[in-house]
Amino acid sequence: MAPALLVRARLTPLAFQLRARGSNNAASRRTIITSSASPATEPHPESLDKPQDSRSKPLSARQKKFLDKALRVNQAGELAATLIYTSQAPPINKAHPHLRPLMKHMYDQEAGHFKYFNEILAKHRIRPTAMYPMWSAAATVLGWGTGIMGREAAMACTEAVETEIGEHYNGQVRELLGWVTEMEDKGEEIGEELQGLVKQIRKIRDEELEHLDHAVENDAKQANPYELLTGVIRVGCRGAIWVSEKV
Ligand SMILES: [Fe+2]
Ligand SMILES: [Fe+2]
């Protein structure tokens, strides 16, 4: 059975400023179910913080295959995230002007994630998913639909997506940290690119979990029907990840 992951509070002063008025459901908000352990318990290999030789041992075929799939999924997911917020923002901002800074903050972070993965796919000549047009349409419809349903549904959408995506990034971080530890044990340099990738995916993972916190603080769990909505979105996310790894 998947253990529960207690997502620790990561509220920065900025997050406090962005937190919307009227949040009243703090009690149940920190628990997401995931097969990965808490980010707070993950190792921090020393070589991540040391200057590395840019000439490092090339990745193995298995490692390349893993990154090929993972980075393709990441780019597709970030595309979807930007489109969800783009479609949600007009109705949500109109009905709840106090949420405008939060919606913009989350969109801006997603746009930054998308830009990073676009650049890395281009640099390493990794093909984007063939489902790109399909995911674009689905994300736009999902954002529009939950935006029309209202603030709680829009936040439930973010909660569901970030639960899945947080787990997805967590798995990648753990795999990459495993590589780093293995290389350290063999006395190998990990290389600037791998070092940068681990740091960047960790940062993105933390920002996704921050979005999850914002969503719950803004009454995601008051959405109606909450269970059905988040259940369908989470199954959809898992399906999209599975397909994008392959196609
Ligand atoms: Fe993102
Ligand atoms: Fe996100």
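Heads up, the Cβ atoms here are built off N, Cα and C, so glycines get one too.
Automatic, uncurated: that is what TrEMBL annotation is.
Quick caveat, the model's predicted, so the values are computed rather than measured.
For His113 (Fe cation 1 binding site), applying a Cβ distance below 8 Å and a minimum sequence separation of six or more within one chain yields Asn74, Glu78, Ala81, Ile204, Glu207. Classification of His113 (Fe cation 1 binding site) by DSSP places it within a helix. The annotation Fe cation 1 binding site is assigned in TrEMBL to Glu78, Glu110, His113, Glu208.
Around Glu110 (Fe cation 1 binding site), a 10 Å sphere centred on its CB holds 24 further CB atoms from the protein chains shown. Positions annotated as Fe cation 2 binding site by TrEMBL: Glu110, Glu162, Glu208, His211.
Sequence annotations record features per position, and here TrEMBL assigns compositional bias 'Basic and acidic residues' to 43-56.
According to TrEMBL, the feature region 'Disordered' maps to 25-60.
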Binding-site residues close to ligand 1 - of Glu78, Glu110, His113, Glu162, His211, only those whose C-beta is under 6 Å away: Glu78, Glu110, His113
Env. residues of Fe cation 1 site, Cβ within 8 Å of mean position of Glu78, Glu110, His113, Glu208 Cβ: Gly77, Ala81, Thr82, Gln109, Gly112, Phe114, Ile165, Ile204, Glu207
Distance-selected binding-site residues near ligand 2 (C-beta under 6 Å), from Glu78, His113, Glu208, His211: Glu208, His211
Extra residues within 8 Å (Cβ to Cβ centroid of Glu110, Glu162, Glu208, His211), Fe cation 2: Ala81, Met106, Gln109, Thr158, Val161, Ile165, Gly166, Glu207, Leu209, Glu210, Leu212
